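Remarks on the structure that follows.
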Amino acid sequence: MKEKIYEYKDDHNWFISQWSKVGSSTYYEEEAEETYSSIEQSLRGLLDEGNSFILTVIKINSNIALVRFILKMLNEEQQDNFKVSSHKGAILVTQGQQLLLVCLPKKGITITDFFEKEKKVSELGDTILIATRNEGKTKEFSQMFAQLGIKVENLNQYPDLPEVEETGLTFEENARLKAETISHLTGQMVLADDSGLKVDVLGGLPGIWSARFSGLDATDQSNNAKLLHELAMVFDIKDRSAQFHTTLVVAAPDKESLVVEADWSGYIDFAPKGNNGFGYDPLFLVGETGKTAAELSNHEKNIISHRGQAVKKLMEVFPAWQNAH
C-alpha cells in the first residue's frame, strides 16, 4: 500500500482517500451514500487490474467535486489522463478522444436536450452559465444576451454545484472567484458578476456587502430600510449621490479570464418608488431623470444600467478575447 494520503476539503465537501490493493468506502452520512456511491462505483471501473483505493467521504454536496477528486488520484497513480466536464447537466469523463463514462443527474436528461447541437463560442451562440441563483439578475442577463442569440442558464439548473464563498475584498476578486471556480468545476464558459451600490457619503458602502448590508438574513426590504436609516440626516439630494457598479468576469478552461466594469450614476431617493427591478432599484434615482430604477421598464433599464453598460463592453471585447486565447 502506498503511503500518500489524498484529501480535498472546502466549505461543502471533504474527501480523504488512499491508494490500496483492496477497495472500500465510508460515508459519514447515510443519505450521502445513497446519493453518491453509484458514481463512486462507476469511477472504480476505470481502475487498472489490481488497483483500488480506500475512500472516506466526511461531507459532500457536489457530484462533480467527488469525480474530480477521484480522477485526480487515478491520473497520478496510474499515469492516466482522465478529464471531466459537464454537458447539459451530465458529468462526462473522457481520455483523449474517448468518452468513458457519463453520469446523469438524478432526474435524467431528455434525449433531445442531451444531443442538441451546440453552436460555436466564436459565433456568440453558446450557452453561458451565469454564476447566480438570483432569478431577477438572470432575467436581466437573459434579455441582454437574447439579442445575440446566447442562451443563459443559472446555478438553479446545476443543483449539485457547491456554493462559492465571496471572500474577496473587491468586486473583481469576488467575480473572479465565482467565475473561475465554477468554470473549473464544470468545464464550461461561466459569467460571474459582482455588483453593488456605492454611496459616496457613506464612503462607498454598502459596496461589496450590498446583498447583506442589513445582516446575514438580509432581504431587499431590510437592506433598503437600513440604507434609508443611514442617510436619514442627509437632506440634500445632491449629497446622496451614488453609483451602481458591476464587474463582469468571463472564465473558461485554459483561458485567461476576461474582466469588464461599468458604473451607473444617480442618487438615493428619500422613499422607495416603482415596482420593477430588485435590490436597491426602488431607491436609486437615475441621473437627473427623477425616476428610480424600479420605475423604468426592463428595456429602458437594460440600455442604461450598470449591467447593460458592462454587457455592452463585454460584447465589444469578447470576440478578440476568444480568438486570442
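Glycine too: its Cβ is placed from the backbone N, Cα and C atoms.
Of the residues S85, S195, S222, Swiss-Prot places S195 in the same substrate site as T132, R133, N134, E135, G136, K137, F278, G279, Y280, D281, K301, H306, R307. Cα to Cα, G279 (substrate binding site) and E165 (Mg(2+) binding site) are separated by 20 Å. Overall, the recorded substrate-binding residues T132, R133, N134, E135, G136, K137, S195, F278, G279, Y280, D281, K301, H306, R307 cover a maximum inter-Cα distance of 21 Å.
In sequence order, the binding-site residues near D194 (Mg(2+) binding site) (Cα within 10 Å of its Cα) amount to none of N134, G136, D281, H306. Mapped onto three states, the DSSP output places G279 (substrate binding site) in coil. Here E165 (Mg(2+) binding site) is positioned 25 angstrom away from D281 (substrate binding site), judged by their C-alpha atoms.
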